[in-house]
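Database features (TrEMBL):
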DOMAIN    38-289  domain 'G-protein coupled receptors family 1 profile'
TRANSMEM  20-45  transmembrane segment
TRANSMEM  57-79  transmembrane segment
TRANSMEM  99-121  transmembrane segment
TRANSMEM  141-165  transmembrane segment
TRANSMEM  193-218  transmembrane segment
TRANSMEM  239-262  transmembrane segment
TRANSMEM  268-291  transmembrane segment
Amino acid sequence: SSDLSPSFFILASIPGLEAAHFWMAIFLCSMYIVAVTGNCAVLFIVKTEPSLHAPMYFFLCMLAAIDLALSTSTVPRVLSFYWFNIREISFGACLVQMFLIHTLSAIESTVLLAMAVDRYVAICHPLRHAAILTNAATAKIGLAAMARGVLFFLPLPLLLLPLPFCSSRLLSHSFCLHQDVMNLACANTTPSMVYGLTAILLVMGLDAVLICLSYILILKAVLRLTSWKERLKAFSTCVAHICVVLAFYVPLIGLSVVHRFGKDLAPLVHITMGNIYILVPAVLNPIIYGVRTKQIQKRILNLIHIYNN
């Protein structure tokens, strides 16, 4: 049996570990609190610290806002499942959540590319950096990243909307992803599958290639410097961004591999990879930049000192 418009989907649980859902929720909730606190702190510090009003930190604010939106669009729903056993998610809510996850991921990928370009200009063309990456240019890049994500990934839920779905409503994650929902349709999903893969390659795939190209050019410029001290000083400004790029792309690639080649893997693998993809970048990004940026460190210590007094 099938419905043209299913009323709900069922979120995945881990067979045999239902009794541990409460403690899993505690762990996820703790990570979510860290993510929200860290990213809100980044937004507040950059806003209130005039010395951080520069393109690199504006991009960092965009990254923090995206991570807040991405984690908030998924984690509260996951917690309601783990704590209150609310396993059903309506068809419409599932499509909206799916759109937000993929669109926000695309926007984050574009912002990471913009940050790589910022590092390239700062190291390879330092005298032109202020003229090229002005505040107006930074704002336009942010708007372009948002438009790019929406335009590329809005068709995903629209392509799924008219499909008939089989009697099975069970997802393989605790939230909705395109590949996961598409696999439950009992119709030809080739157009949806081809478009989804094309969108990912043209956005995340292309961004990854351009980021690598940026760092090849940066490495060439750094190696032309005369002393190792100058080389280390120049490249050290890129360490935080490299770590953030790895925190985003490694879970993304891992989740894609599990979806396309890991159909026989245990449900625990699918659910764990999904939660890592949603939460780990949001948790790590403010920590990485907090550790690597002296101005942010100093501001955090000042806030802690004021709070303790």
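Just so it is clear, glycine is given a Cβ too, placed from its N, Cα and C backbone atoms.
Note: TrEMBL annotation is automatic and uncurated.
Proximity of distant same-chain residues to the transmembrane segment (268-291), defined by a Cβ-Cβ separation under 8 Å and at least 6 residues beyond the stretch ends, is recorded for 12, 14, 17, 28, 31-32, 34-35, 38-39, 41-42, 60, 63-64, 67-68, 70-71, 74-75, 78, 101, 108, 172-175, 177, 240, 243-244, 247-248, 251-252, 254-255, 258, 262, 297, 300. Under 8 Å from some Cβ of the transmembrane segment (20-45) lie the Cβ atoms of residues 13-14, 52, 60-61, 64-65, 67-68, 71-72, 75, 78-79, 81-83, 85, 275, 279, 282-283, 285-287, 289-290, 295-296, 299-300, 303, all in the same chain and six or more residues away from its ends. Per-residue confidence over the domain 'G-protein coupled receptors family 1 profile' (38-289) averages 91 (mean pLDDT, predicted model). Sequence-distant contacts of the transmembrane segment (193-218), counting only residues of its own chain at least 6 positions beyond either end whose CB sits under 8 Å from a CB of the stretch, comprise 102, 105-106, 109-110, 112-113, 116-117, 119-120, 123-124, 148-149, 152-153, 155-156, 159, 178-179, 182, 235, 238, 242, 245, 249, 252, 256.
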